[in-house]
Amino acid sequence: MSKNKSSESVKVVVRCRPLSRKEESSGPAGGIVQMDLRLGQVILRNPRAPPSEPQKTFTFDAVYDANSKQRELYDESVRPLIDSVLAGFNGTIFAYGQTGTGKTYTMQGAWLDPEKRGVIPNAFDHVFTHISRSQSDKQYLVRASYLEIYLEEIRDLLDPNHTNARGLELRENPDTGVYVQDLTSCVCKSIKEIEEVMNVGNQARAVGATDMNEHSSRSHALFLITVECSQPGPDGRKHIRVGRLNLVDLAGSERQAKTGVQGERLKEAAKINLSLSALGNVISALADGRSGHVPYRDSKLTRLLQDSLGGNAKTVMVATLGPAPQHYDETLTTLRYANRAKNIQNQPRVNEDPKDALLREFQREIARLRAQLNYRKWRSKQKNEQMEGESWDGDREKETEGEEDEEVEKEAEEYVKLEEQRLEREKEAIRGDEYMVAEEKQRLLGEKERMMVDLRKEQEATEQLTAKYKAMESKLLVGGKNIIDHTNEQQKMLEMKRQEIAEQTRNEREIQQQMLAQDEETLELRETFTSLQQEVEAKTKKLKKLYTKLQCIKAEIKDVNDEHVKSRQELEQTQNELTRELKFKYLIIENFIPPEEKNKIMNRLIFDPEEDQWKFQPLVPAERSMKKRPASAVGYKRPLSQYARVAIAMGGHSRYRAENIMFLELDVTPPNTTLFDRSKDAELNQSPSLDNSPTKEKGIRKSHSW
């Protein structure tokens, strides 16, 4: 891998969805989020605070309101990242936010509607369109994988038996970083094939309904695209670059009181919140910069995003918001996390062979030395020549020799100049002729003037005709070109124009943000006062402004403390629920599992430091082979004794219906009874209570059944 010391920050954009019908009918009118698209600012209003309290303002790389289109977000914020992936960089796009704020819509959208296609289908189109328009000496290999993290287990969505299979394991390679072992990878040759891969994975993804979202994602989904490019280098050998694109659709953070989940959905929500909490801790540790330890291993999500956050990748984070007043706390938390993520620094570099990187450095050094040598030769030539202009004119002539159109235009200009010079000479000659009559001179000079005007008109007409010819030529299909190539060229030019417009918009926003910051810093230096009263008023105004900022910071500290307390209470509640479930399982183990079986299970447990969890050893070690079946059981389901074989051979015996299985039927015949007559003396000696017994009979029945 090439080692480039340059670093860049994570790009953070914010998108706000419109109010839903349920929110419009249940909550107060109006939203709590305002967006300044020109400055890239989000203004948040606290619905529970008094009107005098100042609103909270956050600044990001770009913001998109409820009226924004999918294509705008992609062209302005995502397209440069996909171009970097095609150039050999690692890239990651992930959507972060509360449940039901439009993360899945932003990432996937409506596939059948071109205007509503999300980031993922537009990225597919971008990758394969770039490959189709690339040069013929380049070869590409595109591979796709799809996985989800459900209940902290990694599942391969392209595996038909992923629900029954064991969770996949994470591994780490010093060269390629963190990867998933045994993950299915599909080679895709067209947009249709990679969309088919995506559809297969979406059908297997875990989705459930909650009170806030009818189609809530119950897992974190990662779609991974690997683009390998092989092209010949200056040495004639083929060199390979590998770009990796991670498209991440995170499950939303949720609270039980609002989502109303129970049972299995509650367990899913607890795991989702724990992994998102770990992600928030990683973002905070990276943004702080003072922490030496970054807790990547706290969850599998942060482990997979290790390169994307502070590593070898270019990252775009799309934070999605809900404008409803009842979701103020979640919206504020999302904005704070997004604001922290802006400070994360990544170190992206091109993924190529180390030998190719060394060769690239040698080529740069050779080019630098060649430029120095040419500069020295030029300086020595300058000293030897007497006229500086000649060498520059000669250089300019050499630079334009190879272009036929420019030569033709220059010849036309020279022809016009020569004609003008000839006419001027003829006019001077007419004026200098003493023997010519004055009227004749005037007539001839007038003709020359008309010829000059005609020449200039002809030049203008020629220029207009040339421009019209070029415009018409661009609309026609040249021989040797098919209509598909021509259409591709026009689409390529259109995309380049779109990219230029998006780049210009980004630059304007950055310049405006810088100017706003500089104006606040240099306002004091530019202020001059004509009187003491004016200075007092200005200082008072500034003091009020600083006091307002102080109040905002105090309110921010209070909000952070309240949020911390609330998060701690939620974690304590989750801990209590898990503890109660653990005690219940301990109770089952102590009362229903024999101690010897419990000891067997405990002896099989081992701790895996790589996965940071306990695992069971296999019952039969891999190095041991299973015992062979005895020879007496060949052809039968189980070993048989000699007596059983004889019984089977005889057949027809009522007690042997199958292979060595005895059926002992119960005796269901009615019991035999005998009647005993009692003597009269016995009847007299019987107690009165027995005489009055309702169960008294003439005799006693004794059963003879065995």
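For all residues, glycine too, the Cβ spot is worked out from N, Cα and C.
Feature annotation from TrEMBL assigns ATP binding site to Gly97, Gln98, Thr99, Gly100, Thr101, Gly102, Lys103, Thr104. Residues or ranges marked as compositional bias 'Acidic residues' by TrEMBL: 400-412. Here TrEMBL flags 684-693 as compositional bias 'Polar residues'. The domain 'Kinesin motor' annotation in TrEMBL covers 9-344. Positions annotated as region 'Disordered' by TrEMBL: 379-413, 675-706.
Positions of TrEMBL features highlighted on the structure.
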residue: Gly97; record: ATP binding site; contacts (Cβ under 8 Å, 6+ apart): Lys103, Gly252, Ser253, Ala319, Thr320, Leu321, Gly322, Thr334
residue: Thr101; record: ATP binding site; contacts (Cβ under 8 Å, 6+ apart): Arg17, Gly252, Thr320, Leu321, Gly322, Thr334
residue: Gly102; record: ATP binding site; contacts (Cβ under 8 Å, 6+ apart): Arg15, Arg17, Thr320
Mind looking up the mean pLDDT for the domain 'Kinesin motor' (9-344) in the predicted model?
85
CB contacts for Gly100 (ATP binding site) [other CB atoms within 10 A, all chains]:
26
Using a 10 Å radius around its CB, how many other CB atoms surround Lys103 (ATP binding site)?
26
